[in-house]
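What TrEMBL annotates here:
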type     : residues  : note
TRANSMEM : B:6-25    : transmembrane segment
TRANSMEM : B:46-71   : transmembrane segment
TRANSMEM : B:77-95   : transmembrane segment
TRANSMEM : B:116-143 : transmembrane segment
TRANSMEM : B:149-168 : transmembrane segment
TRANSMEM : B:180-200 : transmembrane segment
TRANSMEM : B:247-269 : transmembrane segment
TRANSMEM : B:281-302 : transmembrane segment
TRANSMEM : B:400-428 : transmembrane segment
TRANSMEM : B:472-496 : transmembrane segment
TRANSMEM : B:503-521 : transmembrane segment
TRANSMEM : B:541-564 : transmembrane segment
Amino acid sequence: MADQTTSNAAQAESDQKYWSANVRIIIISLIIWALVSFGFGVLLRPMISGIAVGGTDLGFWFAQQGSIIVFLALIFFYAWRMNKLDKEFGVEEE
Amino acid sequence: MDQFTINLLFVGASFALYIGIAIWARAGSTSEFYAAGRGVHPVTNGMATAADWMSAASFISMAGLIAFVGYDNSTYLMGWTGGYVLLALLLAPYLRKFGKFTVSEFIGDRFYSPTARLVAVICLIIASVTYVIGQMTGVGVAFGRFLEVSNTTGLLIGAVVVFAYAVFGGMKGVTYTQVAQYVVLIMAYTIPAVFISLQLTGNPIPALGLFGDHAASGEPLLAKLDQIVRELGFGEYTAHNDDTFNMVLFTLSLMIGTAGLPHVIMRFFTVPKVSDARWSAGWALVFIALLYLTAPAVGAMARLNITEQFWPNGASGEPVSVETIESNPEYDWMATWQKTGMLGWEDKNGDGKIAYFNDGNADTKAAMEAAGWGSENELTNFNRDILVLANPEIANLPSWVIGLVAAGGLAAALSTAAGLLLAISSAVSHDLLKGQFTPDMSEKSELLSARIAMAVAIAVATYLGLNPPGFAAQTVALAFGLAAASIFPVLMMGIFTKVNSKGAVAGMITGLVVTLVYIFLHKGWMFIPDTNSFTDADPLLGTIKSTSFGAVGAAINFAVAFTVSKMTTPIPREIEELVESVRVPRGAGAAVDGH
């Protein structure tokens, strides 16, 4: 009975750590998500306007194509990273 | 064979394909298909999601909006794809772990409240009906063109077809039909774009051609486009002409709206595992990106082609003559689109030429007057929704390409309209009537009420589609705003916070009502024309246009929910456990129908 309680508590603590690690990955991913779209695509466009891309500048490319490519990379990175994290914490499904 | 017959052949053949697949998938694999948990392969599911989600707004309307505005309408590109990041990171895996099939069920269970479920269903219905209006606008354009009738007649014919299709699509095997629709729509979108990109830039990949050189002049394509639109008095294509604040807010509204749309979220419930739900969003975006990376190229290249058709020798030469438009086969597209009432021109100064320029720009106006082309723009009407469908005709592509595009446009509009009508009808019959009011309803009357709900929804959407609150993509943007303000925040709080039921209900209601009122004040009450007090040119709060308001509505939703939740009793112990278990994939099991 005592063992059961200890292991439950250990499990809860491990789950808590797993959740914090997950939230950390989410936050980093969302910072990149915001940076390429709202950032490079709109607000920071004047800052990177010196970089020429096909008759216009890098900000225009980010707004029309670059951000979409980064979004794709982010989702696949997140899926890969989380599936790895699931295994590290032993919370994956069979 | 004339173009009309070819269009009919393509549209007919694609419809036959969908029906054939639906029958085949239904007969062959009913048990596998519906054994929840084994479900569909993530890649197949991704393709079906892409077809389900990419609607008339993406296919027919978006490139046109980009073409005539340029950089500022990148909002649609970033907004509609960026939402998938939110979906994949913040919602899909947890909702899959929760293991129910509908969004309103999650809300009802997580917030341990039938009221929360009821409010969620109402939010869902309002957002979906608005969305269907946008689809009907697109259906009207597509049918009007390929049957060579007016937009109104096209819309009415389209309504009958969509209704029949949705009733049929409600049967089993929808996923594989949508895979076929995806294939048709992506071919229809990219094949003409490849031709046009080859013509203009020599590059077979439109997404790269956009940043390549214009073959005729040797200059970069975008620089060439900037130059010619500037000469005609329009804002430069690649320049930022609109206000930044609104652009950011609009993009954000589309992003959180995408993540709040129930018919998309539902897709991620059906995959076998939590890890698959994560991959699945990625695969959906891969297939969506194929269209979305092409769309800006379609927009820019079409704008260049159209402008050059009106000014064959550049803006300093002569505008096209009425005679040329009437006799030169390269201008046939103008006559066919004129029939739909969505394209119009008028030789206002009687000089036999059609001068297209921005007469709102004083300098250009003076220059055009001095050159003898009159002081008024003579292209009186160019509905932006026709651009993608007209594009292959403008570029003089072979007639089979034009037929294919007609089939693709209809595939996009029909797959989404059918998906939405199903979501609406099941919400009404299942969640509202059976779930709330008459729990002992028989299966037969449940089915009947679902059909009636579908008919009512389509009648409302058709009526409003005749006087839409905007272009297809703009109307759809309003629907995303409503989903953003009501559904997304409550789902996020359900997973990431311990907000209680009173908070959730108060948040949803305020978010929805405030956003709906803001939209109605700008677009007319119930979208009825001339009942609006403001326009998007004079927004209510500073610069916030009605299409951008979803993000504000969402913020209000969050704020109200947290405040009310803090002031009322915390969530019960078992709900706290539910929230904790949703956060961990272990022991997800198959999704179950909890009705």
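Yeah, the Cβs are placed from backbone N, Cα and C, and that goes for glycine too.
Keep in mind that TrEMBL annotations are predicted by a computer and have not been checked by a curator.
The shown structure was predicted, so the numbers you read here are calculated from the model rather than taken from an experiment.
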Open item on the list: Under 8 Å for C-beta pairs, could you tell me which stretch among B:149-168, B:281-302, B:503-521 has the largest tally with the transmembrane segment (B:46-71)?
Closed with: B:281-302
- [ ] Go through the chain and flag residues at least 6 beyond the ends of the transmembrane segment (B:77-95) whose CB is under 8 A from any CB in it; none is fine as an answer.
- [x] 58, 62, 66, 103, 106, 250-259, 264-265, 268-269, 274-275, 277-278, 280-282, 284-285, 288-289, 292, 295-296, 480, 488, 491-492, 495-496, 582-583, 585
Task: Result, the transmembrane segment (B:116-143) in contact with the transmembrane segment (B:503-521) (3+ CB pairs under 8 Å) - done: yes
Task: Distal contacts, the transmembrane segment (B:400-428) - CB-CB under 8 A, six or more residues away - done: 3, 6-7, 9-11, 13-14, 18, 51-56, 58-60, 102, 104, 121, 124-125, 128-129, 131-132, 135-136, 138-139, 141-143, 145-146, 158, 161-163, 165-166, 169-170, 174, 177-178, 181, 184-189, 191-192, 195, 262-263, 266, 388-389, 391-393, 449-451, 453-454, 457-458
Task: Intrachain neighbours beyond the transmembrane segment (B:180-200), with Cβ under 8 angstroms and 6 or more residues off its ends - done: 14, 17-18, 21, 47-48, 50-51, 54, 59, 206, 209-210, 214-216, 221, 287, 290-291, 294-295, 297-298, 301-302, 304-305, 388, 391-392, 395, 397, 401, 404-405, 407-409, 411-412, 414-415
Open item on the list: Same chain only, please: residues at least 6 beyond the ends of the transmembrane segment (B:281-302) with a C-beta under 8 Å from a C-beta of the stretch. Say none if there are none.
Closed with: 42-43, 45-47, 49-50, 53-54, 58-59, 62-67, 70, 74, 77, 80-81, 84, 87-88, 92, 182, 185-186, 189-190, 193, 196-197, 200, 206-207, 209-210, 221-222, 225, 237, 267-268, 387-388, 391, 394
